[in-house]
Amino acid sequence: MAESPLEIHVIADSTGETAVRLARAARSQFEGVHWHIVRHPMIGTVPEMVSALEAVSEAHEAGQWVCVVHTLVLPDMRRMVSDACEEMGIRELDLMGPMLEAMEEASGLDADAVPRRPVGVEADYFTRISAMEFAVRNDDGAIPDRLTEADICLVGVSRSGKTPLSIYLGYLGYKTVNVPLVPGIAPPTELAAVDRWRIVGLTIDAQRLLEIRGRRVRGLGGFGNEDGYADLAAIYEELDEVGKIQRRLGCPIIDTTGLALEESATKVIDVVDQRAKTAGTRLRKPAGSYRMRP
């Protein structure tokens, strides 16, 4: 491990947030190494660029490992960084140039090359905010009358991951509700009005559920363990009974044990999307939606 921070210098003609996020994502893959991100934003003139490159040079001459990541619209500015880094023997990553060149080639047009041009609010920004608020307001089936407004409806035992998954699906732009299923208690009658293809059951390994519930009970000072809430034998029975309810509902069941939130979300979206097609309809796609395949 390096004795001093390894420096990633971000040079940008705007905020530099795009490059910073990429640098942070890459940095997360190196545990135990101290990577320091140095930002040089709003670089619009040659003197400003010279000042930024001097800071890079000083760090390099001090014996630190340094690399430069930049998002610059103007070709001359990109060339200035590239030439300086080559002269200093420093690794340099141009995030903007190759993208602009590819788009110019594909469109047959020249880029406007206007620094600091506002990119505007994402087309799906307000959709995502609204969907996340919807998930929070309708957590644990709080407002049964609104179940039919959801794009996706999650059903399962308490602490099977329904709430965080609902909010994450909301972040992706899908209005999601979650309904707790409890043995001996009938699901809300409003659930019958929800399209079958929208409903997904969640389950989880009994031992894992015991660990999660045990932490919650300890956090409450031992309260909340009534009716075997954190008892393994009772949990096995609960999962079995809730599984029967889920099968009566005719919904697919996804085991969330060991799955990252993103993986669970992808599985839910895939299964709902496929069931919607089978039903002769389709799951609403949020504007600008995207998701990573596991």
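Heads up, the Cβ atoms here are built off N, Cα and C, so glycines get one too.
Copied from Swiss-Prot, the annotated features are:
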- G156, V157, S158, R159, S160, G161, K162, T163: ADP binding site (BINDING)
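Using a 10 Å Cβ-Cβ cutoff, G161 (ADP binding site) registers 23 neighbours. Counting every protein chain shown, the number of other Cβ atoms lying within 10 Å of the Cβ of K162 (ADP binding site) is 26. If you draw a 10 Å sphere around the CB of R159 (ADP binding site), it holds 20 other CB atoms from the protein chains shown. In this view, S160 (ADP binding site) is surrounded by 26 other Cβ atoms within 10 Å of its Cβ, with every protein chain counted.
Taking the mean position of the Cβ atoms of G156, V157, S158, R159, S160, G161, K162, T163 as the ADP site, the remaining residues of that chain whose Cβ falls within 8 Å of it are N178, P180, L202, I204. Counting only same-chain residues six or more apart in sequence, the Cβ atoms lying under 8 angstroms from the Cβ of S158 (ADP binding site) belong to P180, V182, R213, Y229.
In the three-state DSSP assignment, the secondary structure recorded for R159 (ADP binding site) is coil. Counting other Cβ atoms within 10 Å of each Cβ, the binding-site residues G156, V157, T163 show the lowest value at T163.
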